[in-house]
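The block underneath contains the structure these notes are about, expressed in structure tokens.
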Amino acid sequence: MKVTGITILFWPLSMILLSDKIQSSKREVQCNFTEKNYTLIPADIKKDVTILDLSYNQITLNGTDTRVLQTYFLLTELYLIENKVTILHNNGFGNLSSLEILNICRNSIYVIQQGAFLGLNKLKQLYLCQNKIEQLNADVFVPLRSLKLLNLQGNLISYLDVPPLFHLELITLYGNLWNCSCSLFNLQNWLNTSNVTLENENITMCSYPNSLQSYNIKTVPHKAECHSKFPSSVTEDLYIHFQPISNSIFNSSSNNLTRNSEHEPLGKSWAFLVGVVVTVLTTSLLIFIAIKCPIWYNILLSYNHHRLEEHEAETYEDGFTGNPSSLSQIPETNSEETTVIFEQLHSFVVDDDGFIEDKYIDIHELCEEN
């Protein structure tokens, strides 16, 4: 009886202590640092903060911000509206496993890396509105297994691939540059077959091509080839055995990027690179030719001269050796007579009648008379 009485007396007290403990565990700690002109996330905030509002500052979410943010692991809500964020880096929120709401609207985000949302297993609401996002890899959202709301309003997105097992309840897509060609077929099929609600459906319009600008992305008609190019449904069996995403999986993300690149137009950077390479090669070839041509010309000219000298020498030797008897037929004469005859051979006298008189003939006649 005494034990029962003691138990009855302490039971209300134990319940009160337990309720206080539960309430303390769910206690919200809010910190508001809006419009403070901060360039970095403060490192002296209470470590038990659960709701942190850093909107309207100059924060960029660089490496220092990421390290400081990891220390606030009890965060359930994080607001970074209208800051200077341009890139969402891998593992930028990796230690915030309790985060449920992330609002990064009205920044200048144009790159979201593959593992930007790693670790956010409990995230339910993601706001990326009014940024400069042009394309999103579908695998970026794979770690967000609890995501229910996605706001992509007011970006530069023209198409969006939706991953399997993406069980959203509300999505906002208006204010983008939607290209309602075949590349949008998968998104349209998902919007029409899933339980997701497209917010502001009537103003989520096509931007391209011009003939489809009067249609919203959920009801735009597609041609028959779009149905054959893109399967109408994707089975979820491929992802049944999907394990929690880790860093090693995202290190091999190049395969996924290759798959998505089939629907993406090639940028102008490749054409520019090819042009630069061709220009460099052509210029190098011209310089090489300009340097080597004079040398090659001199070598060729020298070779021709050498061949010409060899040919003349061979001709002279052939002529000299071909008529050896000619020298023996020459009669032996006095050197003086030879000299006189040589000189007389070239002595010509113009006669009175205009004819040239050769004195060699005269001398020969005189010799006969004598």
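Every residue number used here counts from 1 along the chain in the order it is shown.
Glycine is treated like the rest: Cβ placed from N, Cα and C.
For the recorded site, Asn32 (N-linked glycosylation site), the DSSP three-state label reads strand. Sequence-distant contacts (6 or more apart, same chain, Cβ under 8 Å) of Asn32 (N-linked glycosylation site) comprise Asp53. Among the features that Swiss-Prot reports, N-linked glycosylation site is placed at Asn32 (among others).
Following the DSSP three-state reduction, the secondary structure of Asn37 (N-linked glycosylation site) is coil. Per Swiss-Prot, N-linked glycosylation site is recorded for Asn37 (among others).
In the three-state DSSP reading, Asn62 (N-linked glycosylation site) counts as coil. Every protein chain considered, the tally of other Cβ atoms within 10 Å of the Cβ of Asn62 (N-linked glycosylation site) stands at 17. Per Swiss-Prot, N-linked glycosylation site is recorded for Asn62 (among others).
There are 17 other CB atoms within 10 A of the CB of Asn95 (N-linked glycosylation site), with all protein chains counted. Feature annotation from Swiss-Prot assigns N-linked glycosylation site to Asn95 (among others).
Using DSSP to sort the residues of the repeat 'LRR 3' (96-119) gives these counts of helix, strand and coil: 0 helix, 5 strand, 19 coil. Residues or ranges marked as repeat 'LRR 3' in Swiss-Prot: 96-119.
Taking the repeat 'LRR 4' (120-143) as a whole, pLDDT averages 95 in the prediction. Among the features that Swiss-Prot reports, repeat 'LRR 4' is placed at 120-143, with the record citing sequence analysis.
Per Swiss-Prot, the feature domain 'LRRCT' maps to 176-227; the stated evidence is sequence analysis.
Sequence-distant contacts of Asn179 (N-linked glycosylation site), defined by Cβ-Cβ distance under 8 angstroms and a gap of at least six in the same chain, are Ser158, Tyr159, Cys206, Ser207, Tyr208, Pro209. Per Swiss-Prot, the feature N-linked glycosylation site maps to Asn179 (among others).
As annotated by Swiss-Prot, N-linked glycosylation site applies to Asn192 (among others), with the evidence given as sequence analysis. Secondary structure at Asn192 (N-linked glycosylation site), taken from DSSP and collapsed to helix, strand or coil, is helix. For Asn192 (N-linked glycosylation site), the count of additional Cβ atoms within 10 Å of its Cβ stands at 11 [all protein chains shown].
Look at Swiss-Prot and you will find Asn195 (among others) tagged as N-linked glycosylation site, backed by sequence analysis.
For the recorded site, Asn202 (N-linked glycosylation site), the DSSP three-state label reads helix. The annotation N-linked glycosylation site is assigned in Swiss-Prot to Asn202 (among others).
Residues annotated as N-linked glycosylation site in Swiss-Prot, with sequence analysis given as evidence: Asn251 (among others).
Summarising the annotation, Swiss-Prot assigns N-linked glycosylation site to Asn256 (among others) and lists sequence analysis as the type of evidence.
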Rounded to a whole number of Å, the separation of the Cα atoms of Asn62 (N-linked glycosylation site) and Asn202 (N-linked glycosylation site) comes to 38
Taking the Cβ of Asn37 (N-linked glycosylation site) as the centre, count every other Cβ atom within 10 Å, in any protein chain shown.
7
Cβ contacts of Asn202 (N-linked glycosylation site) (under 8 Å, same chain, 6 or more positions away):
Asn216
Compute the C-alpha separation of Asn37 (N-linked glycosylation site) from Asn195 (N-linked glycosylation site), stating it in Å without decimals.
42
Asn195 (N-linked glycosylation site) to Asn95 (N-linked glycosylation site) - Cα separation in whole Å:
31
Is the repeat 'LRR 4' (120-143) packed against any residues at least 6 beyond its ends, judged by a Cβ distance under 8 Å, and which are they?
93, 96-110, 112, 114, 149-163, 166, 172, 175, 242, 244-245, 253, 256-257, 260, 264
